[in-house]
Amino acid sequence: MAGRPKKNTVDYFPHYIGDGKKIQFIEAKYGNDGYATWYKILESLARTSDHYLNLNEEIDTMFLASKCRVDVDSLEAIITDLSKLGAINKTLWEHRIIWSEVFMESIKDAYRKRTSNSLTLSDICRHLYAENVISVDLNSISGAGNTRNIEREIEREIIEKEKGNLGADFDPPAPPKKSIEERKLSFKISVEKYIAEYDREMLNSFYRYWTEMNEGGRKMRFEMEKVFEVKKRLVTWEKNDLKFKSHQNGKSNQNNRARRHDPAPRSEGYGKL
């Protein structure tokens, strides 16, 4: 009896809270379209055999754009920025292949109990070279049977391509610091994701409080915190908001009862009654 076929897809992947600066940048630049597109791409990688997407056929690009609910131009702009940020492999995207080391790292636990391993970068490149999708000639590599030699050669080619014509001593410049307005926008987007769960007035108060500037005018209140998870902070904020409103209502009811039971006449300065 034939054995069960080896599984090379996954049913889930981690969705971390506070996904880091790369995705915050995509979200700030493209709004919810950027955020949703990234996670739709991850879903597609999870469900696709060997966890890479080949967009060399126009119809495949159109299908992915439809899945992400964006037009093709927006999809390609988002993917290109993701490749520049290192969220997906930049050199493979030059060949219209989406493969993400970030994603592969996040699902490695799913393969631990399997007899098969997930494909490495060198495995993917070998396969794509055999399919004439990329031009890394593995046959020309000294000791091509050695996986580590293959990986080194591929890594070298990727580094050289990303350096371009800037020479071996090229050191990529540090990304420019975001302005206060850009950081505010990014924070606003992260808060607006919860508009369906919380009262708008409460979210506005939350946003105004945490975006107050420090005395030096360089950082906002939320940036002064060592750890800041919007979801957890909103839960605490809502609890405190409800307590405050309950306390205020209690004081108001007490005052109303006192006025109803106060027998003393009140002339309020109108002379003798």
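Keep in mind that glycine also has a Cβ here, set from the backbone N, Cα and C atoms.
Residues or ranges marked as compositional bias 'Polar residues' in TrEMBL: 247-256.
The compositional bias 'Basic and acidic residues' feature in TrEMBL is assigned to 261-273.
Annotation source TrEMBL lists domain 'Lin1244/Lin1753-like N-terminal' at 12-101. Note: the domain 'Lin1244/Lin1753-like N-terminal' (12-101) comprises 60 helix, 4 strand, 26 coil (DSSP; helix = H, G, I, strand = E, B).
According to TrEMBL, the feature region 'Disordered' maps to 243-273.
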If you average pLDDT over the domain 'Lin1244/Lin1753-like N-terminal' (12-101), what do you get? 84
